[in-house]
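Scroll down for the structure; my scribbles are underneath it.
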């Protein structure tokens, strides 16, 4: 199955809900581009078959040409050798009075070498001519394929919008506070990547205040250590990771985290992979560090101990070779990153990367709805709104807090209309609070308690 067909069948299986008009438009654009792609792929496959056949013919002609030249060279050497032997000095009769003259003539006038025959010359000319024709044909076919490939880009431009400015808030970064928040997010991202020098240059150039600059480094100091350990694990260095896990051992056990045992397991298998010279060290390591995990991981520890059987021959051709694969170390590094961030209560991704990834997820849907609204001449309804015209279904990793919908007004709360907790414990939106209150007196819509509306407090999810 070709890549295009596989991708199309995969997407078809994922569609379980009725398609909207936007989805249909998007599918039509994809199908149009895929048809153009199929045509180009088919043409390139034909070109590949033709090129393979032509190159095979050229190789045969070159082989024949080499044989002809080789035979001609052999005949030339044979002629020279034969002439030299026949006319060598001292081979004439001693009684011949012209012996010295004949020898002089033989030494100064060797036999003329034989040239290529007419049939050999014809074979060479024919081979060169055929090679030129085939090379010219391949060059023409390759040049024609450029136009077909360029049609894919034109089809993409024709069916998909490349103007993203229509989906952005033009006034978003005109506010100095918003611009400074963006600079802080970028600086924090650099700090997370261990690029403190770049973050300091950005802070200096954007003239960030000292308090904001200090907040950038303070908030990312803990993650900088985690990021450094994450890099070391991918390089198969476990010392700092083990120190961190031992330091937070009790907290990890409370959370039922697997990372501490997995780090010790990988270190043990690392020692075993060194061979017989590290056998004693591996046994001591298992005794010192596996005891606390004996109850929970009894079966797995027993399997690890069985690896000593393969020490003489190495682990490359054993069931334990998986511990030598780089994929195992990569998985371990991301498990550490996830568990460590959860333990410290920080996000494993920077705010900048979360915003960019969420925006990329939402962008296609926003472009499609913009086209629909523009075709129906209702595009002005979008302008000036603090919410999107459609709901964007983001993945769970982009959700960081609960969303409260007011049961009275049946709408989600916002920064301008935050949720308020009444003295009786029930929660309604701020707009509902003002609509239900009579002066300062408010009767809860869910219970008979009357209370002062000003005593309601804002809550955060």
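Backbone N, Cα and C atoms are what each Cβ position is placed from, and that goes for glycine too.
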Feature zinc finger in TrEMBL, mapped to one of the ranges 364-405, 406-447: 406-447
Residues of the parent chain within Cβ reach of the zinc finger (406-447), under 8 Å, 6 or more residues beyond its termini: 386-387, 453-459, 461
Residue counts (helix, strand, coil, in that order) that DSSP gives for the domain 'RING-Gid-type' (406-447): 7 helix, 13 strand, 22 coil
Mean of the pLDDT scores, which run from 0 to 100, over the zinc finger (406-447): 88
Residues of the domain 'CTLH' (222-279) by DSSP state, where helix covers H, G and I: 46 helix, 0 strand, 12 coil
